[in-house]
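Take a look at the structure below.
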Amino acid sequence: MANEHQSGIDYVLIYFKYIGEDERAVLSVYIKNLIQQGLKTLEEEIGEVLDNYVCIKIHAPDSVLESLAEVFKIALTKNNPHYKIQKIRWKWFANILTRPNEDDPIVRKGRANDTLSGKQPTSFTASERIYIVHRLLTSTTFGNLPGDKGFEALIKKRILLDAYPLHDSTYQWTEEGPLSDRQLLARYWASLRCFYNYQPLNLIEKHYGPEIGFYFAWMGFYIQLLIPAAILGLLCFFAGIVLYTLDTEFIQKEVCDSKQLICPVCPSVTTCDFVPLKNSCEKFKIAYVLENNITVDYSMLMIFWGVIFLISWRRKEAMLKMRWNIHQVPLDRVTRPQFIQQASLNRISSITGEKEYYFSIWHRILSYTLSYSVFSIIFVAYVIGLVVVKLFRLNFHHYGMRSSILKGHLETYEMFASSLLSVVIIYIFKLFKNRLCQKLTQWENPRTDAEFKMRYQIKAIIVSFGNTLFPVIYLAYFKGKFFTHPGDATQWSILGIGRSDVCPPSGCLVDLSVQLMMIMGVDNMVKIFKGTFLQYLSVRYNRSIRKYKGPKEFTRQWEEDFNLLPVGTNFLDDAYIDMAIQHGYMSLFLVAFPLAPVFSLVNSVLKMRFDAIRLLKRSRRVIPRYMTGIDQWNTVFQVITLLGAIANPLLITFGSNFVPRILYRSQNGNSLTGFINSTLSEFAVDDFPETRSLENVTTCLYFGRRYPPSHSRSYELTSDFWILIAVKSIIFICLENVCLLFSLFLNYVVPTIPRKVEIKMEYEQEVLREMRLRNNAI
């Protein structure tokens, strides 16, 4: 297959062979206007395999690209004074793209000299050419109406079928002849076999542009710093198991060998049964593995890890900006055609002096009110999802007690089943997330594409975080906190039903741990399925609906690319949101799940390589975008890290038995004998609103610190409860302030821009100042 970019093709326009005369006339006007702006159209070509489609090939001469680069304020790679070869010190983690070997047959035969030589490009890179041509194609008019502009409008009018830039060749490896960048990246980057190799960031940026380059640079850097965190997480987990084997006799005596009964959560014992305390034996053991001093120390260390990661990334980002010659983003203030079409008012701009379209204040208020109303409905849907899980647990418990198979390990089965149901509900909401956010943003109808993207991102972040973190936050901080005591009928009213959702005697930390494990584990499995099967099936389906028939191999690149999947405009937004949520699990709930960095490491490696495979093999070529880094996503990750500095101490103190255990040890000679009994309170069976006669059962236990039925203040909170609350509050304030102060200290001490970069930037400014002085003197 011919290398299309070497043949001078920068973009292609596809239309149906049998379009009408009117449509053909409009297309001719558009092509004529493109030619007037300096572009060239090569011969129109009918497909050999897709013989009902016609391709118009667009080429931009270098002279046109030079002038447009000045207009769009693009800093070209060939003019980069700081161009630098990517050097990888560790040869075990390098390949031919990151550490070329002269003895390699590819280098020796000169099959990819331009790419592997490491020399600075002397002409426009492919991503620069595509970016400039794309902007020209989207701004060229074809009619007199305000919305008659750009190929997207032609596609909407069904004059064009599609328009896209071409891949530089097939991704299939060839044993002879020159190799394209796509072939090299497919073999040495977009493959799971390269999971341990450093990424060829310079080549990725050259091929896809800065936006994609920064994304994969961030992913690679995140994975590097996750490796020590994951190793520490494994050590912490195994240390918890060792501590469990040394100091858990009290669990065996007080729980596993106990004959006491746990009170039913229903208001009546006629409909719910008592549960033996020994059924919670497994949960108590798991809770002890999680709630130990090493886990607490590790969670605090990971807070500092998050701060160090953000600072280190900012420094890495500054180095990449200098290496890729990106100091400012080309501003695109072009008004969206959709905005012009729907705007009913126009005026003369006080800034530009030109006519501009706008909406009335009442129209904007209505659109924002609609968006906020939908968000309120979404919040109600999340609450309904929690109620569904709650009702499922109650029914599972009710019928499970009557099953001889489930009864012995009912709590464990219930925990895993309810966690799996929560994951299913999360993924159901995920199906509608993108369309919902896109539709809400379209209703608001922002003026520019940049504003549209920003508003979409805000909505997507809110909806995604609410969907995935809502059930986890509920488990961590709210479940069981409003429960009073068994037999309290008020908690079974419509408004008080949330108070009836109680934690097991071992606490909610184990449930939270299983919930996180299920979410992160299912997420990994979904990524494997999507990366290996779903994308391939989508391409096959795309071919079938376009009635592809003929030889197995396409003879033209534009025909092959026509059947590939377009990369969605929100591809990177969704990718960053997934990583931000994953980072949130680690930062906010690490106490409950010390293995979160391990799951996160596996997930990140899979995601990075599958995203590379998707871009390179399963999708059309991405339209490059210029960014000065990951921009607003730095702020998102920083907010998550700072919230982690508050959430982890809160979970340690109020969401686990860590503080009560320390306090009990200090009061009982460093012994935990009797600790579990101290966390449980008695309830008289006769005090249930409805009861039935039970042999030898007069009292039952429930999780809480309340006076027994024989006390004058029966079922009221004990003084020990208030003392414990005070101690927890003091410890929380101390831990939180230590974390926040350390974070602020690191941010203040460590500069986000390396000193070497600052010196080079100051030198550049001085050189530019001297050049201006010379020009003025002339």
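Any Cβ shown, glycine's included, is placed from N, Cα and C.
Quick look at what TrEMBL lists:
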DOMAIN    4-201  domain 'Anoctamin dimerisation'
DOMAIN    204-762  domain 'Anoctamin transmembrane'
TRANSMEM  215-244  transmembrane segment
TRANSMEM  294-313  transmembrane segment
TRANSMEM  365-392  transmembrane segment
TRANSMEM  412-432  transmembrane segment
TRANSMEM  460-478  transmembrane segment
TRANSMEM  585-606  transmembrane segment
TRANSMEM  626-647  transmembrane segment
TRANSMEM  721-750  transmembrane segment
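Sequence-distant neighbours of the transmembrane segment (626-647) (same chain, 6+ residues past either end, Cβ-Cβ under 8 Å): 74, 131, 209-211, 214-215, 218, 302-303, 306-307, 309-310, 313-314, 317, 320-321, 326-330, 454, 457, 461, 476, 576, 580, 583-584, 586-590, 736, 739-740, 743. Between the transmembrane segment (412-432) and the stretches 215-244, 460-478, 585-606, the greatest number of Cβ pairs separated by less than 8 Å involves 460-478.
Sequence-distant neighbours of the transmembrane segment (215-244) (same chain, 6+ residues past either end, Cβ-Cβ under 8 Å): 198-199, 201, 204, 285, 288-290, 292, 294-295, 298, 301-302, 305, 308-309, 312-313, 316-317, 320, 572, 575-576, 579, 586, 594-598, 600-601, 604-605, 607-608, 611-612, 630, 633.
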